[in-house]
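Structure record follows, encoded as structure tokens.
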């Protein structure tokens, strides 16, 4: 895709109010949602994603119950957003067509349909319904590090064929490096239409969230996911204010006020964190083992319950190639580790 961030405008997609849910166990209050959404809107981001961390209808026993419903959160954000595109995320099998239609009725105009990187076909119906509603639609290929670039590109091609306007390289495990990101976007270029946008969703588990987003833009990614103070699963997403500062230094075009983003990150977001969103031994283990970032809090809970090291659980999850949706297996892994030690 021919895209030059020095002459073409980046599309900055904030994920503080969706991926950021994972960082505080989906406990955002509606007042906080209003405050954050207003700050983001005034700072000039292009789109603001709002839902449970696991997407529409994600508030369940398996993923964790939210402090409010998706509808409460979406309504709170819609009350204050004046310019940004209200966006949500849907994982087929968790969210349904009915939730998608309800979100649209509440003002959501963009959706990311998220599947595991080998399962683009399960998003066909939801992408089609979103297009029929007139929504902007992105295909979101989660855990993109788990398959080779050419295989990922074939999945991206499916999402394009279903009607996605944009297809993401989604580094859910924060396990990709810059070469891996570039290789995947170059593979996209070999099969996707020039008019289909590319996107990058980075996690910071190896401290490469910003670097991966920078090289993604240089490789043709128009849409850049990021969050205030990196608020997100694991070590968080690419920190929005940091990415924008780096983009400014490169002379790239976007609509964001970096100072306003810095203020929102430090004054609004960091005080909400009950566990610091940072690279530490546990979150580093996510990227090292290539594990789904939202497993972090579940694994820490299991480790505390059974008296074992969180890192052991995370590494074993990586060895077993567990993916999003298998949160219920974390307890099984912990018990297997205890049994192995006893023997």
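Heads up, the Cβ atoms here are built off N, Cα and C, so glycines get one too.
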Figure out which of 19, 31, 41, 46 sits with 201, 203 in the Mn(2+) site per Swiss-Prot. 19
Looking at the substrate binding annotation from Swiss-Prot, with 18, 19, 201, 292 already listed, which candidate in 32, 59, 161, 172 is the matching residue? 172
With the substrate site defined by the record as 18, 19, 172, 201, 292, how many Å span the farthest pair of C-alpha atoms? 15
With every protein chain in view, how many other Cβ atoms are within 10 Å of the Cβ of residue 201 (substrate binding site)? 31
Work out how many Å separate residue 203 (Mn(2+) binding site) and residue 172 (substrate binding site) at their Cα atoms, rounded off. 6
Using the Cβ centroid of 18, 19, 172, 201, 292 as the reference point for the substrate site, which residues of the same chain not in that list have Cβ within 8 Å? 15, 22, 53, 114, 142, 170, 203, 232, 233, 237, 293, 294
